[in-house]
Amino acid sequence: MALSELYTQYNRVWIPDPENVWQSAEILKNFSPGDKILELQREDGSELHYPLDSGSAQLPPLRNPDILVGENDLTALSYLHEPAVLHNLRVRFVESKIIYTYCGIILVAVNPYKQLPIYGDAVIHAYSGQNMGDLDPHIYAVAEEAYKQMARNNKNQSIIVSGESGAGKTVSARYTMRYFAMVSKSGSKTRVEDKVLASNPITEAIGNAKTTRNDNSSRFGKYTEISFDRRYQIIGANMRTYLLEKSRVVFQAENERNYHIFYQMCACADLPEFKALRLVSADKFHYAGMGGGIEIEGVDDRADMAETRKTFIKLGLKEDFQFDVFKVLAAILHLGNVTIKTLNPEKCSVSSSDPHLSVLCELLSINAESVCRWLCHRQIVLVAETVVKPVPKERAVNARDALAKHIYAHLFNCVIQRINTALKVPGKQHSFIGVLDIYGFETFDVNSFEQFCINYANEKLQQQFNLHVFKLEQEEYMKEDIPWTLIDFYDNQPVIDLIEAKMGVLDLLDEECLFPQGTDHNWLQKLYNYLGENPMFEKPRLSSEAFVIQHFADKVEYQCKGFLEKNRDTLYEELVDILRASKVYSNFFQEEEQIPATKGIKVRPARPGVKPASKQLRTTVGDKFRSSLYLLMETLNATTPHYVRCIKPNEEKLPFEYDSKRVVQQLRACGVLETIRISAQSYPSRWTYIEFYSRYSILMALSELGINDKKQTCRTVLQRLIPDLNQYKFGRTKIFFRAGQVAYLEKLRLDKLRGACVTIQKHVRGWSQRRKFLLMREAAITIQQYVRGKRQIRQMITAAALKQAWAAVVIQRHCRGFLVRRIYQLVLVATVTIQAFIRGWIARKRYKKLVAERKALILQKYARAWLVRRRFSAMRRLVLNVQLSYRVQQLRKKVEEQGKENRGLMERLTGLANAHAQGQERVHTLEQELSKSASEKDSLEKQEKLNKQKSEAVSNIAQLEFRSFFNSYLDRVAENNLEIHKEDLDKEIEALKEENKRLREDKIRLHTQIEEESQVKSDLQEQVTQLTKHVKVRTFNFTLDYVLSISHLLYLLAESPENNDTDGSLLSAFDGLQKATRVMEAHLREQKDHYNSQLEAKTFKMDHLQNENEQLQKLFQEKSNITDGIRIEVARLTAENMVIPELKQQISELQRLKQELEVQHQEQAIEDFEEQLDMKERLIKKLQSQIKALQAPEKASQNAAPAIPKDYLGMLEYKREDESRLIQNIIMDMKPRGVVVNMIPGLAAYLLFMCIRHADYLNDEVKLKSLMHGIIAGVKKVIMNHQEDFEVLSFWLSNTHHLLNCLKQYSGEEEFMKHNSPRQNKNCLQNFDLSEHRQIFSDLAIKIYNQFITCLEKNFTPMIVPGILEHESLQGISSMKPTGFRKRSNSVYEDMEVYTISSITEQLTGFHSTMSQHGMDPELIRQVIRQQFYLVGAVTLNSILLRKDTCSCRKGMQIRCNISYLEEWLKEQGLQGSSAMDTLKPLTQAAWLLQVNKTTDEDAMEIKDKCTELSPVQIVKILNSYTPIDDFEKRVAPSFVRKVQALLQDREGSSQLMADTEYRFQVTFPFNPSNQALELLQVPASLRLPFVTRI
């Protein structure tokens, strides 16, 4: 359809307006070709006859339908022209409060002059990884596109941020670098990204200043090159600066300031470290107070100074360097206050006593006299001589200012160089992204050399921009296989040639600067002469000191005054020499070295530059700027550019105020309208086939809808609707439309919808009217019947009839009264009867209830008594168990003490055994001597027959125990020396008496000690002691009688004469000895019997005690739940405790008796005594064997494992060397899929715990610690190796939780044993407290859970937005408005998987089934599902907040429908109690907010009351972003948004726009005891654990 055919009634157009640039008007009459006027009606209701000259060329531009207004991309508008762009920006900025808009590849950023909550870290994460155009326009989207293309195409990128002063260029560049620093964190200790961001405060302090247009205007161009390594992480940065405005150091216009750093220093003048700088208030310095306004509203210079110094430190610039910088800056301020006095018109002077001069020289360490001299004089070098010439005051002031500018410029370069050095990091640069923050096109009332250079740079950038846009358009057409036709676009090469070509403006300026007497006027005349015929150059009509250049944006008139001086940048060499002698100068102001143009990047410039004619030309400012501009263009041409155009909406810096005049000037100047014009010449509107089919299916016929191929359907429909094939083109994936065709299709669609609405309204209104008619007809018939009946009654009734009727009424009244009274009486009687029965029934019921309550009280009394007694019995058993445990501990301590005593007794027994062996040897010696005496006796019998009887007596005596005494006596008899033998016997008797006396003393002492010990023994020990005392007395008496008899015998032998009655004496002695022997034998026999009876009594008593102990053991087994091992230990220790004290007492008594018998052995020499010793020795050995038998179990318990019961104990035994194999097979090689199919859930945890139990059972601390460490390290390693494996993470999260529960359940702690079975209580850990390990396992479980959630989110997040937000569950209700946005071809992935709400529920089902199969705790599953639902709500809500196209009523319906599917899924899985739906409340309320009415005050109150989960910022954002899908929907009025804001002011909540998608609910691991019997678990053969044994 031709464009002129669209000028029909009700369509709207744009007409010029002097105030608002463009004004909207509605067409009142259809336009026909040839009409001279166009009848219009303005928005204020006034009519206008718009004149038309001829043809359609003069027709006013058409206005886009409201449905297309507010688009994210200006090129998506159907009508592309200046008023459409201006209106779209206004709607987005003023009404929707959106500051970013795309214009093709350009991001248009309008300065809001207000802080907005759209730059947080959450917003960065939301844009990270997104394609350009998926979310609303944003500076982060451009940064992400550059970063993505760098990583994908391995090509360097550039982001060009331009705009006039105050438009927000610096802030935009800062946010761009912040984005790169956030998404490419290096993780190294150098923190390069922080240093890159930290450089901004310094560069703003020394390079930004307040101007009339901007409080923080950048007065230099900056290209920051951010370097990345092969992993695309920041490794460094480099900064290049362009055209610093040095003149601002010495001159500021009214209400402007010098650079910020000067005011920051003056604000800190009172600090101690700044005392030496002699600073005062800024208004006292000439260079700082020239503009008048030294303060900026809302800016704290003192705080900014602290931030600047902090940044110096962060960049590694030392305090000495900082102080040197401040000294130089203070010196510049003092230099401006140096007073120059006029002596005569040609001469001036500076006082050497000037205080500011002295401070200047002190700070810079220079000679004051030299400064005074060369400020007022100039040295002229001639051929033959050198002349010093004074200069007038004006030139001296210029020299002073030139010196100040020179110092500041070199200081600025030095600081930038130091920053670049600090930002360099060792490492090879793989790629980079450059951020260019440069001034935009400028035009003022008075334009000078600075504006000329700025506009020259913008001409070069615009040329590069035009070529790039043209290239992208060509790529798009070639990709879609659409024939390419050459598009005519504006080429500004003639303007560039005018400026930089040979004999151009710069060339002529440099040439004039070569002449010492060159002036601005002479240079201007050369321009008129050489460039007067150039169409881009004009001479002003009313001025002879200016020239005009036709730039791409506008005509600019430049005043030639000052061009030469600024281009020369003259500085006297004598002043430079003075500075060279300064120490500060040596630190800062070295000659600048030539820096390589590009760091190894070989590029070809867009157009070869013009080489200067001589060396002198290279020193001019213009030549330097041209060279740096060439370098910049080479860099930009070698990269992929991205454009950000910053717009200043008003001059007053008011938030969200839109001045159309100022905006349209900037749009023309920044190339946005040129992009629109290029797009409009081709096919600006581009829709995919799916979008077109979804949007315009309403225009299709049934036959066309039946075609399965949607592409063919679109082709057929378009060919029918728009016959002109030149108005559109079919590409491979898109349909390309000429300007206005989409608006025409929208008009057709709207007409179709209007027709359908009219039809529906027609039928509804007809049905409503028919219904009303039928109701009215029925009411009329009823009224008619009533009226007709009344009329008939009046006609038929007479007076007699009336009387009869009245009488009938009276009779009826009395009759009816009688009947009613009779019925009343019957009812009354019945009621009383019923009440009586009911009250009786109630009384009986109440009585029965009281009886029942009484009986219940009695039952409760007995039941409560029984419960109290049972509770008391339980408490008593518990107390007995505690007492028994305490006694067992005491018995263990006593056993240990008795063991020590037993070892002492064993040592003493060993000593006695040795003594006994010595006694036996002595007896053997005595036997040998006795045999010798016998032989001698035979010889005596032969010699002396008379002494035969005596010799026999001697032989009998020799058989006694004390053979040694009689052998010596027989020897003497054999020698026939009786007298000598008699004397010897006397001596021996005396010796025996003395020894006997000593032995008795020892015996008495030992007796005393035994009595003292016996007092502390038990009753049984006291009886033994009494028996022992009895034996002692009898033994003592026997021994005494025996010794006395022997003494008497020996005395008789000694007193008898030598030769008289020898035989008689021997016989009597022999008889006495025989008597003594018989007495001793009887005594020994009696003693033996006594010992036997005593031993039997003790044995019987020990058996009795054992029987009692066994009974106690049985009772203990019945009353307590202590393990079998403890019961065995208690029985053994109890038996030992009862027996060992008695045995100790017996041993002590026997040892004492043995000592006494040894004494008797020394006094007597009879054979029966040997038998007694043998008997005692056997008894001692028997007792020793009993002691060893009792000590053997104790030693076995210390050195060996406990006794192994017959039943399985639920433990697994393995060797220490097999521990690594155990960890490898159970943990490292365990496959979750195999576990699910073949094994019970949690088997790995149970097997590991059974191994832990065995280590605890052995009381092997080293083995237990090694096993626990191996388990923890193995699980950590598995998790580290499978960080993205959902099944492995789920499996080990479940098993770690199971193992943690096992450690609690079998810990032996009462709170965890409440639900255990008796068998499970037996399996509790015995020797070690593993509470510390439980904490370690709990931390490990939390770590696995977080990694598990991260893995889920990684798999789940890509489905959320397509499935919840974009999928249309309600068929037939299209909730998306196709925008026609032209995404960059390299930003879109083809063949992307399409996700629906079914995909989400299927994924959730997969998650849930896997966790259930792995045996994960249901409470833990609910927490996981809750976390995933929170992610769904947060991600979807963030996408709504960042996507204006999703904020519509229909989209709210689709979202609520999709949420209902999720709720249904929760019900199917039985997870309603997981609180998962509560996490979706913000999303649900956002969907409700999209659907609710948004017009009245009641609606605002309802929004306030119901949207409790949304923050005020989010509510306002959704209201501002609300976008109608159809024309009959209305936008939200700004006044309504303000009402809602006012109502939400008092609400407390987060000020953040985005929901935190990284938020994690605190996980809790519930304790659920397992009913799995460990002793019944079998080890599957598939685990390959042959080295593990069940116990």
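For all residues, glycine too, the Cβ spot is worked out from N, Cα and C.
All TrEMBL annotations are machine predictions without curation.
Given the structure is predicted, the values throughout are model-derived calculations rather than measurements.
Sequence annotations record features per position, and here TrEMBL assigns domain 'Myosin N-terminal SH3-like' to 8-60.
Residues annotated as domain 'Myosin motor' in TrEMBL: 69-750.
Residues or ranges marked as ATP binding site by TrEMBL: GLY163, GLU164, SER165, GLY166, ALA167, GLY168, LYS169, THR170.
Residues or ranges marked as region 'Actin-binding' by TrEMBL: 629-651. Helix, strand and coil content of the region 'Actin-binding' (629-651), in residues and according to DSSP, is 9 helix, 8 strand, 6 coil.
Under the heading region 'Disordered', TrEMBL lists 928-947.
Per TrEMBL, coiled coil is recorded for 1095-1186.
Residues or ranges marked as domain 'Dilute' by TrEMBL: 1269-1546.
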Secondary structure composition of the domain 'Myosin N-terminal SH3-like' (8-60) [DSSP: H/G/I, E/B, coil]: 0 helix, 24 strand, 29 coil
8 Å Cβ shell about GLY163, GLU164, SER165, GLY166, ALA167, GLY168, LYS169, THR170 centroid, ATP site members excluded: ASN111, ASN214, SER217, SER218, GLY440, CYS646, LYS648
Binding-site residues listed as GLY163, GLY166, GLY168, least Cβ neighbours within 10 Å: GLY166
Around the Cβ of LYS169 (ATP binding site), the count of other Cβ atoms that are within 10 Å: 28
Distant-in-sequence Cβ neighbours of GLU164 (ATP binding site), under 8 Å, six or more positions away: ARG213, TYR439, GLY440, PHE441, GLU442, CYS646, LYS648, GLN666, ALA669
Cβ-based isolation winner (fewest other Cβ atoms within 10 Å) among the binding-site residues SER165, THR170: SER165
For ALA167 (ATP binding site), the number of other Cβ atoms found within 10 Å of its own Cβ: 26
Arithmetic mean of per-residue pLDDT over the coiled coil (1095-1186): 58
